[in-house]
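Asks: If you look up TrEMBL, you'll see 12-34, 40-61, 123-146, 158-175 marked as transmembrane segment. Feature annotation from TrEMBL assigns domain 'VTT' to 22-140.
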Amino acid sequence: MLQQFLHDFGYFALFLGTFFEGETILVLAGFLAFRGYMDINLVVVVAFFGSYAGDQLWYFLGRKHGRKLLARKPRWQMMGDRALEHIRKHPDIWVLSFRFVYGLRTVMPVAIGLSGYPPGRYLLLNGIGAAIWATALAAAAYHFGAVLEGMLGSVKKYELWVLGALLVLGLGLWLRRRFKNARLAKKIYADEQALKAARVNAEAPKTPNE
């Protein structure tokens, strides 16, 4: 059943997952490749194209509508401003490495586009970064399966537990980031409201008794 599902939808799901922030699904695919359900070479290729296409899209959206996109949410605005500071100091390094910084897969390409980074250079370095990321994560997950088999003797009877644990870990990291971002957004909103109130009080006309 699992094998048939992965045969029919596995690579498509991998492409969609890596098009967005796909660390968890790539790790799952790498482990499944070790178990023989998927082909490790195809996993790397599909993950590369998914990541590459997704980040190219966010980059061009950043060039056209960067400020509007970041202004939609306070945390995006703050993260985008911080990302711009990093990009202006070491642009090429960040283009190559931002995929390895959890939580920046969406904001960083938008900020890179907004910074005016050359399209041709981004096309090249983004491809190199996507290739390194896809190969490294898939290989790490594949070898994780080999290490696990060396420890347990046989992974087959534990594979569903391992897949479940990886899914729970990925979900836990995602929820943790969501809660952290929600708290951050509330703090930013409260600070903005306090600043607006202070400005209103400062600009209010004073009475003769004051």
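Note: Cβ is positioned from N, Cα and C throughout, glycine not excepted.
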Asks: Give me the mean pLDDT over the domain 'VTT' (22-140), rounded to a whole number.
Replies: 88
Asks: Write out how many residues of the domain 'VTT' (22-140) are helix, how many strand and how many coil, based on DSSP.
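Replies: The breakdown for the domain 'VTT' (22-140) reads 99 helix, 0 strand, 20 coil.
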